[in-house]
Every structure is written in structure tokens, then in C-alpha cells.
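**Student:** Would you mind keeping the following structure in view while I ask a few things?
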Amino acid sequence: MRRLPRPREYIAMHGYETVLVSLLLGYDLNWLLLEEKPVLLFLSAAVMWSLFMICTTNGRNPNELVMCWGTFGWVVGNGFWTVFDLADVGEHILLGERISPEARRCLLLACGVCFGASFGLGTLYYLHLRWTDRFATARAATGDSVALARLYREEGSTGYGSISAKGSPEGGRSRSLTPNHLMPFDGPAFLPNVFRVKSWVEYEGVALFLWICKDLSWWLAVEMNVPGMDIVMCVVAGMLVLHHVDMLVTAAINDDVMGLANLITLLFWVTSMCIWAVGDYYQTDDVLAVVPPLSRPEHPENMRFAATWIMLCGAGFFGMFWTAYLGMFAVYDDDELSPSLL
């Protein structure tokens, strides 16, 4: 019988990341609609939550700690950039009359420093840190390695409890309960393994650092006018979307219902922000004017309007899925849920 994890089980698995996704969805959606107060509210909550994730990450898992620090730097960098943009618009924006031009310049540079530091951390991790004994041992201790994936197949195990810290079969729960990062990693679904990733934490980290690279090249292109950075931005944006499609296919192959739902949301989000980044560079301000979702844009090619609708679809799906998921367990006991529903 296929079974979804109960809310407390899912929270124990990867609930922190889901909360962060919801906060960042709210932040980016309100930014596309240029709703200043909600933007600052969601931004502040996302910064505090990403810091909370660092504080609660087990120090014995340095791989996850690197990802948490990379996420924190990326979120803070976006925060500096957002406050700069809100202040730069002028007197109609909440912060417009309170920040001097010199302070705005400092905000812009601080954004670049945060993006650069996070990207540098990711580069260091993929070129050196992940190969060190400490990081490799930490991945093996959680059953997160290609070697354990081979053992998983050879032993014919069927659940995330099947591989112990030393790789011995123990038997466990049904496979459908298992989220991606607790299943043995068996490589990307269809993309070439150009980053030579050998574990879930490395595979999922590629998405994070591609996103940071996209935002860094976007910042360099739009704010610093560095030649060629627009091309880099477009290439990395395409890689980012493809990587999320690969992650989506992997979740489907692994029968990971929860991961599939989250990755559908992430794919909407990634696609929306990549479209917005391209529009922000190549389209003029009058074309990119903020248009309410139910209104007709003056310029049909308005990429901000298209990005807003894609983001709304992702946020709507995310909200409906979690409402249905929590509602099922609020009404029924786990044993009463029909397998056909799960």
C-alpha cells in the first residue's frame, strides 16, 4: 500500500525547506506585483528563517551546513537588492525618502558581495570540500552515496530504513513514504552528470548554486553593465530550468509524491524568475510596467506580466496541495486513507 508521510514525519524530513520555499514564493510574487510592504515582510521572514536553518543544522553534517550558508547569503543578497530597488524608484515607495544615494550604492554593492560570497562558497564546495574525508564521511553516514545506491539495488531493499549508517540492510517503510533525499542516489534522470555529483545533497545543491550564479550574472548585467553577463545569465537560467526538470523526473521515478509536489512548485517559480530576469535586462521600463493579473497589459510582450501569472500558478498549486494534504490528515486517520487517494 502506498502511503504519504504524516505531517509530523514530513516536517522531520524536510519541513524547514518547505517553509523557506513558501516565504520566498510570497516574496517574489509580491515583488513582481510591486507590493512594498508584503515584500519587506516576506523578505524579513525569509532572512530570519534561513538563519534559523543554519542554527538548527547538525554540525556533524557539513554538506547541509554549506547549503544553508549558501542559501542565507543568497537570501540576504536579494534583500539588499530589493531594498535598493524600492528606494531607487523614488518618493512613491515606502523607503524612497529615507535612503541617501550613497546608502543606496552601499546596498547595491552589499548585494554583489553576498552573491559573490555564496557563489564562491559553492565553487569551493564543488571543487574541493565535497571530496574531503569529512564531507564524504558525513554523506555516507546518512546513506547518501552512489555506493549505497548500488547496495540498495543488490539487496532489493524497499525503504529509507534499509540502509544503515554503515550501509547494511535493515528493512524499512514503504518506498512511497520516502522523499528523494532519503532514497539512495542513483544519478541525474536524463542530464549528463557534468558536476560529477554522487549524492542527493550535491545534486540538490547544484540547483541552489545555479540559482545564485544566475542572480549574480543578472546583477552584473543589469546593475554593473558588465559586457557578456547577459549571455551568461541566459545560459545559466536555461541550465537552472533544465536541472529542475531533471529533479522533477527523478522524483517521479522514485515515486516521491511530496517531492514531486514541491518540485512542480519550484519549476513554476524558477521559470517565472528566469523570464523576469531576461525581461528586466532586455525590455524597457514602460514595457515592464506592473499590471494587475486580471488586467490586460498595454504591451503583450510584457515579461513581468507573464512571470507574474506563472508565479501565481505555482503559488496556487503549492497552496492547494498543502491544504489538501493537511486536510486529509485532519479529517482521517492514517489507516483510513484510501490508497487510491495517495
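Using N, Cα and C of the backbone, Cβ positions are placed for all residues, glycine too.
Taken from TrEMBL, the feature transmembrane segment covers 12-33, 39-57, 106-127, 226-245, 257-278, 306-332.
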**Student:** Which residues, given as numbers and ranges, are at least 6 beyond the ends of the transmembrane segment (226-245) yet have a Cβ under 8 Å from it?
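**Tutor:** Non-local partners: 191, 206-207, 210-211, 213-214, 217-218, 220, 263, 266-267, 270-271, 274, 277-278, 281-282.
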**Student:** Using a Cβ cut-off under 8 Å, which residues of the same chain at least 6 positions beyond either end of the transmembrane segment (306-332) come close to it?
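**Tutor:** Cβ under 8 Å, 6 or more out: 4, 6-7, 21-22, 25-26, 28-29, 32-33, 261, 264-269, 271-273, 275-276, 279, 291, 293, 341.
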**Student:** With a Cβ cut-off under 8 Å, give me the same-chain residues at least six positions beyond the ends of the transmembrane segment (12-33) that come close to it.
**Tutor:** 5, 39, 42-43, 45-46, 49-50, 52-53, 56, 71, 75, 78, 82, 179, 181-182, 258, 262, 265-266, 269, 272-273, 276, 290, 292-293, 304, 307-308, 311-312, 314-315, 318
